[in-house]
């Protein structure tokens, strides 16, 4: 368009054939450069902004040309051509410099960016909310969810292993000192057994296995002992809520007739097995193995596990089934219990693959547009909705594919890649390029949130988690590209002056921040991003199993000694 304007501004006799050829050549080079910058340069946005800035200035200059003064027009054209050549050469040098970088240098640039993200998130928490559970990054103050009762320091404990893995050792030592002096579980308050287990117990266990510091082992066992009264029910299925001082438990009032929730009582196994190993107290392992016994006695509708189970009667509540919220990590922990046991927990393996088969048969569907999704099941009827939380399933299925029965490994890897693509689409189809809390496949829409209360994004990790696993198992570069897209969206729309905030509507033209930097952003989202761009031998998956809060626990023949080869693999 620019060159057509230039040519209109000159008389018909102004251009010789050679000049036309040069103009055509330059124009072709310019177009090639733009496309190359868009598709191949890691920092193409800066380069393109420079190129387009120069071209717009050139376009402005051409508007002063007139048909009546051909000599002036020719002179102007020569100046323009000279300027274009210089801009072209400069851009080409920049492009060449970038493209000549070795892949490890480019990867290091990306790794540095995510190091900066963790540093900024952590420094903001230190500055404005130190000791509080979480940070309000817009109002620059502490924030506490009632999930933790009056226990403090959720972000500190959740971030311990991330700090260690990313070699932020000064900050790790500061966090360790806070745990030693200030982490107190002697509180007269009600906590979520599930949340306290995955964040606090899981975080302390990982910090112990990574660093060898005794304080973490001691604190993990102390907290585990305080959670044991939750299992004092007629069936041994634990309560959702527990007063840590009185030991009195209850369930969420909204949960189907006083039921316990599958994802909550089913997401204790990994941590409690490790607590028994580290404490020598078999009670922890016995409690979680008993949960399996109760479930084994029950009839599963179509092989599925309903989200609700009454801890008094031992019977299912409403027949709602989900691989997202209320169900998700139960399935994850069946698989990971088997992997963590050096593949000796045959019961866990059998339960996982049977459940996955039921999920494939009854819940997994493909949209008319070719997107595979996992629907929700309510009393036999499918709701064609998939939650952001459900997006972890791509990574889970990939992790379990190698052990799949009857040569189903390839089939399960294909399922995993299709789920990863669907979840990427849920991000790509929003304005902010961040995924909604839930997205639907009905009423003519696909992978889009249609309800206002499902359009928010709270810094969740599940999509990036799946990218990380898919990268580790396939090395398909698209997973790193998709991860980098998420980094750019987080930086553009979630980063505020005082940290990182969730947003209320991912389809809005500009972000409306919810003013919470979730502890899991540091524990999970930033850790999975870091590992996505790390070498495979950094926390290798054959030696480490991540709990559902991304806290790595040693797997296989690990014997609890800190000179184990498992731990040496980190260094």
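Residue numbers in this text run from 1 along the chain shown.
Note: Cβ is positioned from N, Cα and C throughout, glycine not excepted.
Please treat TrEMBL annotations as automatic predictions, because they have not gone through curation.
Features reported for this protein in TrEMBL:
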type     : residues : note
ACT_SITE : 195      : active site, proton donor
ACT_SITE : 328      : active site
ACT_SITE : 437      : active site, proton donor
ACT_SITE : 462      : active site
BINDING  : 548      : Ca(2+) binding site
DISULFID : 391-423  : disulfide bond
Say you check the Cα of residue 195 (active site, proton donor) against those of the recorded positions 328, 423, 437, 462, 548; which is nearest?
-> 548
Rounded Cα-Cα span from residue 391 (disulfide bond) to residue 437 (active site, proton donor), Å = 10
Show which residues of the chain containing residue 423 (disulfide bond), separated from it by at least 6 in sequence, have their CB under 8 Å from its CB.
-> 388, 391, 394, 435, 462, 463, 466
Neighbour count (Cβ, 10 Å) for residue 195 (active site, proton donor) | 20
Checking the active-site residues 328, 437, 462 for other Cβ atoms within 10 Å of each Cβ, the smallest tally belongs to 437
Between the Cα atoms of residue 548 (Ca(2+) binding site) and residue 328 (active site), find the distance and write it as a whole number of Å.
-> 9
